[in-house]
Amino acid sequence: MNLLEQYFSYPAAPERIISIIGIELHWILLQYTLGLPFAILVLLLLYKKTGNQNWLKLARTATKALGINFALGAASGTLVEFGLVVVWPNVLEAAGRYIYYPLYLEIFAFLTEIVFVYLLVFGWNKLSTNAKIIVAFLAMFGAWFSAAMIVSVNSYMVAPTGIVSAYNPQTGWTYSQGYPKVLLVVPSDLVGALDVAKLQSLGMEVVGQMGNGVAVYMPSKIVARLAYEAWSMKTVGDSVLALVVKPEALPAIKGLLVKDVVDKILVETVRTVGYTTVTFQSPVYLGSILHSIGAALTVTGFTFAGAFALLMLLTKKKTAYYMDDLKFGVYFSLVAILLQGAVFGHTMGEEIAQYNPEKLAAMEGTSNQILSIPRTFGIEGLMKLIIYGNPNAQLPGYDQIPVDYCSLMGVPNIPDCRPPLILHYLYYTKTGLAILLGLLSLAVAVMLWMKKEPGNIWLWSLAASPVIAHLVSFLGWGVREMGRKPWTIYGVMTVDVARTANPVDPLTYAVVGLLFIAVLALQVYAAWRLLFVPSLRGEEE
């Protein structure tokens, strides 16, 4: 199988590429916005406890880095948000009632970040140690609260509230029973017009009365078709709805737009589930926010370790300041990567296994069309144990996923509903590099604990570790976003429906992509000129 050809075969390829460029480059900056305030807080607490001036110096350097990063991160974040509105407008229109509240709260979180990040940056010399600790905590709170809001929206897109997947690890796929299915609340006035028996024959399950409507589990293929018809401005008479409306009710509603019918169902569903909490009820939210913060802390820790390892190599000095800061970075990164892998990543993995089994099948490469890494090395039993806690469980078979499970009678027109198999190699590259980073931080931490100075080969390895840590995190978000395709909202809306009706030419997207890259290049240059070069000159000692 041509893996790249499969990925590009999904609709809206230019829009998908520009979106992943924007998300990934913004995430590179965002990780420091999440990680640096926590590191600064820890350093200030260490200084308060020990009186060691090196911790205060490093906290000051990290604060300067935070100021630079936050300014550029705000710029790239604005580009990403406008990109969501311009490139994927139907997502906001369809799910606006679900996602407006966390996005609204994120504005206040962002304002909190602005106030306390720059109070820390510009008020450093005016603040006492206790005041610095409080301000650093509030800056961290603003950043983490902002992330919690944004990740809730992304989590809803990965696994919407009320989704039931099409896989059971004991019995296998359940597509024949109409899964995956989405919980919807159909208003009572619409229920009377529908032929429930016909809908049940298509896989719909009636849950019962809920709020002012009837809760049902609707097969995703029906939901996806209705989304397509709604944004194609079709009427009920020209829609699949005409097949499931009672004959006596059809004349009265056949002229209605499908979009109006879908809108009523969405309104009732959101009203019943909860306007303010629906995105936070996504079944993958907890693992997603923990994994995101864990990634940020891991990258931040390796950046500390890598920067001071490189300073030691270039200046040929191993001063007390450099050694203290190297220790901080190594210990910080070791704790972060252990938590990230053993706790946060495992939580995320369990959620994906339960609610995104198609993605799991692609990640684990359970297909005879590619060279599977677990199968090659004979570790499939180990992966089953890690994922399901049972070495005898079944991993979801990729080749058994119907290529048309996301469409009903060919609508939407998606050539292959399965996620791209290239995920397998991206995921295992990420995992392998993460294990190497963990072993590196563990080895150097043991040396430092035993009062041994790491040799040049270890320092060069640490100097390269920030780039590798970023690559691991980059691949992680790539797997998350690419693994949702061809869905934009899993089980609800496919990418062809979500995209703008007026896409621009590839050259315009290329210019926007270059803008993202320019912001990142400016970040690297600013950090080098304002932070690293002064350290090389000894101005930070």
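Cβ coordinates are placed from backbone N, Cα and C, and glycine is handled just like the others.
Here is what TrEMBL says about this protein:
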TRANSMEM  25-47  transmembrane segment
TRANSMEM  68-88  transmembrane segment
TRANSMEM  100-121  transmembrane segment
TRANSMEM  133-153  transmembrane segment
TRANSMEM  289-314  transmembrane segment
TRANSMEM  326-345  transmembrane segment
TRANSMEM  425-450  transmembrane segment
TRANSMEM  457-477  transmembrane segment
TRANSMEM  507-528  transmembrane segment
Grab the same-chain neighbours of the transmembrane segment (457-477) for me: Cβ-Cβ under 8 Å, and only residues 6 or more beyond its ends, written as numbers and ranges. 23-24, 27-28, 31, 291, 295, 298-299, 302-303, 305-307, 309-310, 312-313, 326, 329-330, 333, 426-427, 429-430, 433-434, 436-437, 440-441, 443-444, 447
Given a Cβ distance threshold of under 8 angstroms, which distant residues of the chain, six or more beyond its ends, lie next to the transmembrane segment (507-528)? 14-15, 17-18, 21-22, 25-26, 28-29, 65, 68-69, 72, 75-76, 79, 83
Hey, which bits of the same chain come close to the transmembrane segment (68-88), Cβ under 8 Å, at least six residues off its ends? 15, 18-19, 22-23, 25-26, 29-30, 32-33, 36, 110, 113-114, 117-118, 488, 498-500, 503, 512, 515-516, 519-520, 522-523, 526-527, 530-531
Any chance you could find the range in 100-121, 133-153, 425-450 with the most Cβ pairs under 8 Å to the transmembrane segment (289-314)? 133-153
Between the transmembrane segment (100-121) and the stretches 25-47, 133-153, 425-450, the largest tally of CB pairs under 8 Å belongs to 133-153
